[in-house]
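Visitor: My structure is below; once you've seen it, I'll send some questions.
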Amino acid sequence: MHIKFFKYQGAGNDFVLIDNREATIKSLDNKLVAQICDRRFGIGADGLMLLQTEPGYDFRMIYYNADGKEGSMCGNGGRCIVAFAKHLGVITDTTTFQAVDGVHYAKISAEGDWVSLQMIDVEVIEKDNDAYVLNTGSPHYVKLTTNLEAKNVYNEGYAIRNNTKYKTEGINVNFVEKSKETEGYFVRTFERGVENETYACGTGVTAVALAMAKHNKTFGTISTPIKVLGGDLNIRFNFDGKKFSNIFLEGPAKLVFEGEVEL
Ligand SMILES: N[C@H](CCC[C@H](N)C(=O)O)C(=O)O
């Protein structure tokens, strides 16, 4: 099958996107997705997304991790598919679409390269020793640390993601350090389903922002800037001490190149 694909990146978290509104692709074999995402033998990406039609919504987002398996919600992927929808002319400056964790609202800049994506509300944050564990559309483990720049995120992230508690379902592991320059944080993430560190993780930085508000007991309307290896993201939300709502993940979403491939 001859397929046109588009390569997007959101703060260095990168994806292959395919316009499947004609439902040309009925299903995607795990091995084929993994091969497309392979950084040596394929196009190379942290994940792959299909943009599909969905009655009552602008589109449906189908997300696959680089390991080829259909994944849970991808925040940066959600921002990139909104930019892709604008590029295709499916939307103009706001959208409501369906994803694996429910309905998402988003707005996009006129230039089409900056997206603010609403994430699901969060009420439950658990502790695992001194780490925070919460689900922002994907499951996340958040651990405060120091000297993050020098940390071996692969080894330490791999060990937590594969320990007896998390091995079966997996979990995304976020290491966070308070920024010296801003009110925000520096975050590095070992991502489930990529099974490696990524340059950014949208649901991950969202989980970090919420966990830090809980940790610091800050309430009200909060805006948290977060630096990641691939750039800068911002998370805005309300926290009343119990529930996190009106959560928006904001940042760049850029088209890198487009091409064609024989699947
Ligand atoms: N790897 C994640 C899904 C993608 C999350 C990340 N790319 C994001 O931007 O949220 C998981 O399987 O839980």
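Glycine is no exception: its Cβ is also placed from the backbone N, Cα and C atoms.
TrEMBL annotations: computationally assigned, not manually curated.
What TrEMBL shows for this protein is this:
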type	residues	note
ACT_SITE	CYS74	active site, proton donor
ACT_SITE	CYS201	active site, proton acceptor
BINDING	ASN13, ASN65, GLY75, ASN76, ASN172, GLU191, ARG192, GLY202, THR203	substrate binding site
Visitor: What span in Å does the substrate site cover, taken as the longest CA to CA distance among ASN13, ASN65, GLY75, ASN76, ASN172, GLU191, ARG192, GLY202, THR203?
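Guide: Output for substrate binders ASN13, ASN65, GLY75, ASN76, ASN172, GLU191, ARG192, GLY202, THR203: max Cα distance 15 Å.
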Visitor: Any idea which of the binding-site residues ASN13, THR203 has the thinnest Cβ neighbourhood at 10 Å?
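Guide: Each of the binding-site residues ASN13, THR203 was scored; lowest Cβ tally within 10 Å is THR203.
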Visitor: So among the active-site residues CYS74, CYS201, who's got the most Cβ atoms within 10 Å?
Guide: CYS201
Visitor: Return the count of C-beta atoms lying within 10 angstroms of the C-beta of ASN172 (substrate binding site), excluding that atom itself.
Guide: 26
Visitor: Just the number: how many Å between the Cα atoms of ARG192 (substrate binding site) and CYS201 (active site, proton acceptor)?
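Guide: The Cα atom of ARG192 (substrate binding site) is 10 Å away from the Cα atom of CYS201 (active site, proton acceptor).
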Visitor: Using all protein chains in view, find how many other C-beta atoms are within 10 Å of the C-beta of GLY75 (substrate binding site).
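Guide: GLY75 (substrate binding site): 29 neighbouring Cβ atoms within 10 Å.
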Visitor: Check the DSSP secondary structure of THR203 (substrate binding site), expressed as helix, strand or coil.
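Guide: It is helical.
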Visitor: Once ASN13, ASN65, GLY75, ASN76, ASN172, GLU191, ARG192, GLY202, THR203 are set aside, which residues in the chain still have Cβ within 8 Å of the Cβ centroid of the substrate site?
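Guide: Residues close to the substrate site, other than ASN13, ASN65, GLY75, ASN76, ASN172, GLU191, ARG192, GLY202, THR203: ASP46, GLY47, CYS74, GLY77, SER138, THR189, VAL194, THR198, ALA200, CYS201, GLY204.
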Visitor: ARG192 (substrate binding site) has how many other Cβ neighbours within 10 Å of its own Cβ?
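Guide: There are 24 such Cβ atoms around ARG192 (substrate binding site).
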